[in-house]
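Below is one structure; the comments refer to it alone.
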Amino acid sequence: MNKYFENVSKIKYEGPKSNNPYSFKFYNPEEVIDGKTMEEHLRFSIAYWHTFTADGTDQFGKATMQRPWNHYTDPMDIAKRRVEAAFEFFDKINAPFFCFHDRDIAPEGDTLRETNKNLDTIVAMIKDYLKTSKTKVLWGTANLFSNPRFVHGASTSCNADVFAYSAAQVKKALEITKELGRENYVFWGGREGYETLLNTDMELELDNFARFLHMAVDYAKEIGFEGQFLIEPKPKEPTKHQYDFDVANVLAFLRKYDLDKYFKVNIEANHATLAFHDFQHELRYARINGVLGSIDANTGDMLLGWDTDQFPTDIRMTTLAMYEVIKMGGFDKGGLNFDAKVRRASFEPEDLFLGHIAGMDAFAKGFKVAYKLVKDGVFDKFIEERYASYKEGIGADIVSGKADFKSLEKYALEHSQIVNKSGRQELLESILNQYLFAE
């Protein structure tokens, strides 16, 4: 395959001293660490929408992207050419996985029946490519936000007809995701929220959202879909206030509606910062609650208040992210999906490779640093010592449940002189830098 990216050869690992921009400097997919290859540890995935569908249009300007597969008039012809381009790209960058929305891979028709027919045609084409490609599907999902019918939401819409249409669309998306591989299925509620409470029945909307997800669970069981269900938190954009605000919010929702046994979370870095959390905070909260399923790997611009979906190149961020993944024991069905797009001014097809190379190298380097941090127990040792007071005496009584307010008051009256120790944040940040900058 050498039709759409003929100026780019297969991307290979050449090491950090290479001056070849079309090579990996830190990501060697065959390198073995702790019994697994880097490819197995990182499980990189390409986002179909940003990579092959996005055209560079923004609120202030027209499309800028030079995409040779878009030089057709019939939407189905474009969809077929995109599949060809996608698998050429996957092959050249050696991608283990890709992710898609239903409307990324096939255009909508005039009716739902026609739309489903379009999907069947493209899915059959993708299945043919999957027979000979190493690339598999990490997850699929349904686009329940772009079409004007979703102006008031999908499963949380005030219009029951929209709820029904959304259910039909997810039904089909589940079927094709199962047909293409069934690792995971993602729910992202871009329109599931509100602009003002003056016209919103929040209780009904949340109840309906839960009803919708239970229906999805039931149908997945019916068709034998064995993939992991994931919810992707995001606090806002396009909706002012979205119901899947952050990991804590999603977890509370899942537990309230008895859905926590079926769902984990897919955490996106830029969504975390939009919720005013560190990326690591969201990963840590998910990890300690056993719901960290997968990651959308990107970053945002800290000076902008919207989802910029940039390729992640900050080694500190990738290190702390992979620290949480390693502490979790690694990915099961999840992975690192590059929900990232080249900048509007990076419009040449070759830029797609350069962006992904940058992100893959950044996470590979981050993984290696994180692995050493975990192996050396740098932070674990400090944290264990910092909380040592809970290992014996009154602290042990608190943890075991033996203590109560009366016994704690008695202890406090007898030990009125409290001595705290420094948190040593600056030292720990310096140690982190030592690991980051070590050869």
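Backbone N, Cα and C atoms are what each Cβ position is placed from, and that goes for glycine too.
Residues or ranges marked as active site by Swiss-Prot: HIS101, ASP104. The Mg(2+) 1 binding site annotation in Swiss-Prot covers GLU232, GLU268, ASP296, ASP339 and is backed by similarity to another entry. Residues or ranges marked as Mg(2+) 2 binding site by Swiss-Prot on the basis of similarity to another entry: GLU268, HIS271, ASP307, ASP309.
Mapped onto this structure are the features recorded in Swiss-Prot.
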residue: HIS101; record: active site; CB count, 10 Å: 20
residue: ASP104; record: active site; CB count, 10 Å: 23
residue: GLU232; record: Mg(2+) 1 binding site; CB count, 10 Å: 22
residue: GLU268; record: Mg(2+) 1 binding site; CB count, 10 Å: 27
residue: HIS271; record: Mg(2+) 2 binding site; CB count, 10 Å: 30
residue: ASP296; record: Mg(2+) 1 binding site; CB count, 10 Å: 25
residue: ASP307; record: Mg(2+) 2 binding site; CB count, 10 Å: 19
residue: ASP309; record: Mg(2+) 2 binding site; CB count, 10 Å: 22
residue: ASP339; record: Mg(2+) 1 binding site; CB count, 10 Å: 24
8 Å Cβ shell about GLU268, HIS271, ASP307, ASP309 centroid, Mg(2+) 2 site members excluded: LYS234, ALA269, ASN270, LEU274, ASP296, ASN298, GLY300, THR308, ASP339
When distances run from the Cα of ASP104 (active site) to each of the binding-site residues GLU232, HIS271, ASP296, ASP339, the nearest one: ASP339
Secondary structure of HIS101 (active site) (DSSP, helix/strand/coil): strand
Alpha-carbon distance [GLU232 (Mg(2+) 1 binding site); HIS271 (Mg(2+) 2 binding site)] in Å: 9
Extra residues within 8 Å (Cβ to Cβ centroid of GLU232, GLU268, ASP296, ASP339), Mg(2+) 1: TRP188, LYS234, ASN266, ILE267, ALA269, ASN270, HIS271, ILE295, ASN298, ASN337
DSSP-derived class (H/G/I helix, E/B strand, else coil) of GLU268 (Mg(2+) 1 binding site): strand
Rounded inter-Cα distance in Å - ASP309 (Mg(2+) 2 binding site), ASP339 (Mg(2+) 1 binding site): 7
